[in-house]
Structures are given as C-alpha cells and as structure tokens.
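According to TrEMBL, the transmembrane segment annotation covers 12-30, 50-69, 81-104, 125-149, 223-241, 262-287, 368-391, 397-417, 424-444, 488-514.
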Amino acid sequence: CDGEAIYSPDYLVFALMLLVSAAVGVYYAWTDRDQRSSGNFLIGGRRMTALPVSLSLTASFMSAITVLSNPAEVYRYGASIGFYIIAFAMAVLVTSEVFMPVFYRLTITSTYEYLELRFNRATRLMGTLLFIVQTILYTGIVIYAPALALNQVTGMDLWGAVISTGVVCTFYCTMGGLKAVVWTDVFQVGFWIKKQHNDFTAEQTVLIFFSTSFDINPLRRHTFWTITIGGTFIWVSIYGINQAQVQRYNSCKSLIHAKLSLYTNLLGLWSILLCSVFAGMCLYSVYKKCDPWTAGLVSAPDQLMPYLVMDILGDYPGLPGLFVAAAYSGSLSTVSSSINALAAVTVEDLIKPCTNMSEKHLSWTSKGLSLLYGALCIGMAALASLMGGILQAAVSIFGVTGGPLLGLFTLGILCPFANSKGAVSGLLSGLVVSLWVGITAQIYPPSPEMSRPLSLTTEGCNLTTVDSLNWTSTTLPLLAESWYSLSYLYFSPIGTVISISVGLMVSLCTGTYYKEIYQRLF
C-alpha cells in the first residue's frame with residue numbers, strides 16, 4: 001500500500017462535513033435568537049420529535065473509537081460481539097420501561113437533579129462531579145484516539161484533525177445548543193451509512209463463525225454470557241442514566257415520542273453493529289495471511305480499518321476522504337453530546353441552586369460553559385497524547401464508573417425504603433470495588449487461552465523483514481490466570497450489584513423514610 005497521504009478531494013470531503021456541521025449551529029443560533037432561555041438551549045424547548053432524536057441517540061455514543069475498533073475486534077477475536085444485538089435490545093427495553101418514565105414526568109434537565117429529589121444534595125453533587133470528570137476524560141480520548149489512528153495510516157495532520165474536531169464541535173454546541181447537536185448528529189449518521197456501503201467494495205468475503213461459547217467462566221474475555229449480561233449493564237448505564245442520552249429523550253414533546261425515539265434508535269444500533277462486524281470479516285478475509293500488525297505495517301489494531309481503506313481505495317480520490325469524514329462524524333457526535341451534557345449538569349446542578357440568575361443570563365452562561373468545556377476537551381486530547389498506555393486504562397475507567405452510578409439510580413427508583421446514607425455508602429462502595437477490579441485487570445490481562453484470538457500469520461506477505469509484533473504470543477505472570485483477569489464486561493455489573501447491595505443494607509440498618517413526592521420518584 002502506497003497510500004500514505006490522502007488527496008485534495010479527500011480533504012474537500014472532510015472539510016465539507018465540518019462546514020455543514022458548523023452551519024447547523026449558525027442556523028439554530030439565528031432561528032432561536034429571540035428564545036434565550038437555558039431550557040431552550042439545553043433541551044430544545046422540549047419540542048423535538050422522535051426521528052431526529054432517535055438518530056442523535058444512535059450517534060451519541062457510537063464514536064470513531066467504535067467505528068475503528070469494532071472491525072479490529074472482529075478481525076482479532078471473531079464475530080462474537082454480534083451478541084451485542086441482545087444486549088442493545090435489553091438495554092432499550094429496561095430504559096424505556098424503568099428509567100425513562102421517571103425522568104420524563106419530572107421534567108428535569110439534569111439527570112442528577114433526581115438524586116437530590118430522591119435522596120439529598122450531597123448525593124446529587126457526588127453524581128454530578130463523577131459525571132463531569134469521567135466525561136471530560138473520555139471526550140479527550142474520543143478526540144485524540146481516532147486522529148492518531150488515521151494520522152499514522154492516511155498521513156492526515158494529527159493536530160490539525162484534533163483541533164478542527166474540537167473547535168467545530170465547540171462552535172456549533174455554543175451557537176445552537178441541543179437542537180444543533182441533534183441535527184448535526186442526523187447529518188453525521190448519513191455519512192456513516194455511506195461509509196459503511198463503501199467498506200464492502202472489497203471483493204473478498206469470509207464467514208467467521210462466532211468464536212465463543214456458552215462457557216460460564218467469567219475469566220473468558222468474550223462469551224455469550226459476558227456480552228449479553230455485561231453488555232446489558234453497560235448500555236443500560238449509558239441509555240438509562242447518562243446525561244447525554246437522558247437529555248435527548250427528555251427534549252421530546254411527549255413521552256410517546258421519547259419512547260418511539262428510543263426504539264427507533266435500536267434499529268440504528270443494530271445496523272451499525274452488523275456493518276462493523278461485516279467490515280471486520282472483510283479485514284480478516286484480506287489480511288489473514290499477511291497480518292499488517294504482525295508485519296509492523298501498522299502500530300495499533302485500531303489502524304487496521306483505515307489501512308484497508310487506503311490499501312483498496314487509495315487510488316480513488318474522494319473515497320478515502322469519505323471514510324475519514326465518517327470516522328470523524330462519530331467523534332463529532334460524541335464530543336458535541338458530551339459538551340452539551342456537561343453544560344447542562346453544570347448549570348442545573350452547580351449554578352442554579354446557588355444563584356438567582358435570569359433565564360437570559362442562564363442561557364448566556366450555558367453558551368459560555370459549552371465554550372469552556374470544548375476547550376477543556378481539546379486540552380484533554382493534548383494530555384492524552386502524553387499518556388501512552390494509560391489510554392486504554394482511561395477508557396476502562398469510563399466504563400467502570402457507569403456501574404456504581406447505575407446502582408445508585410436503580411436503588412432510588414426501585415427501592416422505596418432506601419435512604420441517603422445507603423445511597424452514598426452504596427455509590428462509594430461500588431466505585432471502590434469496580435475501580436479495584438478494573439485496575440487489576442489492566443495489570444494482569446487475560447491470557448490468549450481466555451481471549452481466544454484468531455490465527456493470523458505473515459506467510460502471504462512479500463516482506464524481507466517482519467517485526468516481531470505478533471500479539472498472539474505473550475508472557476504473563478501466573479497471577480494473570482486468577483480472578484484478577486476477570487472479563488472487562490463484568491466491571492459494570494459488579495459495580496451495580498455492590499452499590500445496590502450495600503445501599504440496601506445500610507438503609508435497613510439506619511432506618512427507612514418516605515418523601516412527600518415519592519410517587520413521582522419511583
């Protein structure tokens with residue numbers, strides 16, 4: 001592959017995607033210029049309909065990391081991640097019937113406002129601060145990781161991509177608020193669909209059976225049980241309680257529209273998952289006899305998909321640019337959702353309770369916070385470039401924190417007798433245990449016997465020298481076969497179960513209570 005740089009038409013396609021996204025922000029800033037309220041800026045005035053919200057829900061957490069890493073996952077370990085179809089369905093069902101009705105009828109802007117209504121102010125602040133820290137950290141990685149992967153394969157300028165992504169997201173979030181975020185997500189999903197169509201222009205096809213089993217051993221990286229059970233907990237924590245998602249379906253004009261947006265979004269999740277699985281199959285078909293990673297042609301698995309695009313489509317101006325635009329559309333949707341959510345929780349949880357600002361001033365404050373958080377996320381991307389191997393640990397921490405928070409909200413919604421002491425104790429206990437499990441799993445990763453990698457060689461390569469980068473060979477301490485090597489998909493269930501269990505025990509020991517407005521909170 002000689003495609004080490006993309007052509008001018010490719011940059012043109014990428015620039016067009018950025019310009020259209022920015023134009024959407026300008027449009028909504030102009031059309032809503034006379035409606036200067038924080039509610040209109042943060043939740044679209046609660047007038048959104050199901051279709052655009054469903055597409056935005058799909059885009060929000062399907063970042064470029066997902067677009068690049070899912071095919072690499074299938075290439076390395078087989079198509080077992082296809083079982084996420086079940087996890088997605090379970091997560092949407094639980095969200096629509098358990099969490100959504102409570103949040104929607106309370107007409108709250110911040111998810112964490114519920115915690116104060118249900119427990120106390122301290123619980124709300126803990127949830128808010130935990131969300132802010134994890135979101136800034138994760139968003140910085142979402143900006144930097146795909147830029148690095150695409151830079152090393154396509155030759156696209158690294159910091160030009162990082163800064164342009166951050167600046168454009170910050171611009172249209174600051175100008176247009178949630179409406180701009182939702183409608184740019186709709187536009188960006190269109191880029192994904194076109195990109196997935198072009199991914200399958202390769203003539204080679206392969207059938208990779210699900211390299212998994214119904215083995216209940218929790219140390220195995222991927223099985224039917226780890227993906228369906230662990231995946232359900234992870235995605236319920238994203239769709240059920242994460243501010244970025246709750247904020248979207250709360251912007252709908254009715255509960256029916258909110259539920260319809262969630263179920264329509266499920267079709268989008270299934271489509272993206274299946275497309276990424278098929279893309280991984282194409283990767284395996286093309287490179288199973290000449291693994292670019294083992295041969296040293298790429299330095300990380302996430303670079304395999306861009307490498308395939310440049311290898312096959314590099315001579316067709318515009319097509320590599322379409323792929324890059326699609327990958328960055330994933331980043332834009334995730335980053336813009338995060339910035340808007342960060343502004344929302346800061347205004348609702350930290351500023352409103354302590355001030356008597358007018359709606360006009362709160363609106364301008366929300367815009368200023370969007371600008372501030374955009375700058376912080378770009379700064380976090382710069383910091384991520386210095387972290388090296390800590391990047392994967394940081395992504396794991398983002399998943400680990402979702403479990404305890406899910407346990408906290410579940411405790412409040414499903415257990416009427418739980419009190420604030422139980423809530424705080426449960427959250428802290430779940431966070432400590434899930435962090436401990438997550439960190440030790442990073443130190444002692446599972447052996448190849450537990451992760452079951454596919455067979456990849458360099459026998460078909462025309463190379464004079466091959467770097468010894470074969471990831472299937474590794475030397476691990478004996479302790480790696482212990483419970484420290486628990487599948488990463490169980491981090492979230494552990495945090496959730498610990499939070500609920502400790503919360504219930506502490507509540508029973510310290511006395512139960514009921515609030516006057518309890519009917520609306522359960």
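Cβ atoms here come from the backbone N, Cα and C positions, even for glycine.
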Among the ranges 125-149, 223-241, 397-417, the one whose Cβ pairs under 8 Å to the transmembrane segment (488-514) are most numerous: 397-417
The transmembrane segment (223-241) vs the transmembrane segment (397-417): 3 or more CB pairs under 8 Å: yes
Positions whose Cβ lies under 8 angstroms from the transmembrane segment (397-417), at least six residues beyond its ends: 98-99, 102, 111, 114-115, 118-119, 123, 127, 130-131, 134, 137-138, 233-234, 236-238, 240-242, 423, 426-427, 429-431, 434-435, 437-438, 488, 491-500, 503-504, 507-508, 512-514, 518, 521-522
Range from 125-149, 262-287, 424-444 with most C-beta pairs under 8 A to the transmembrane segment (81-104): 262-287
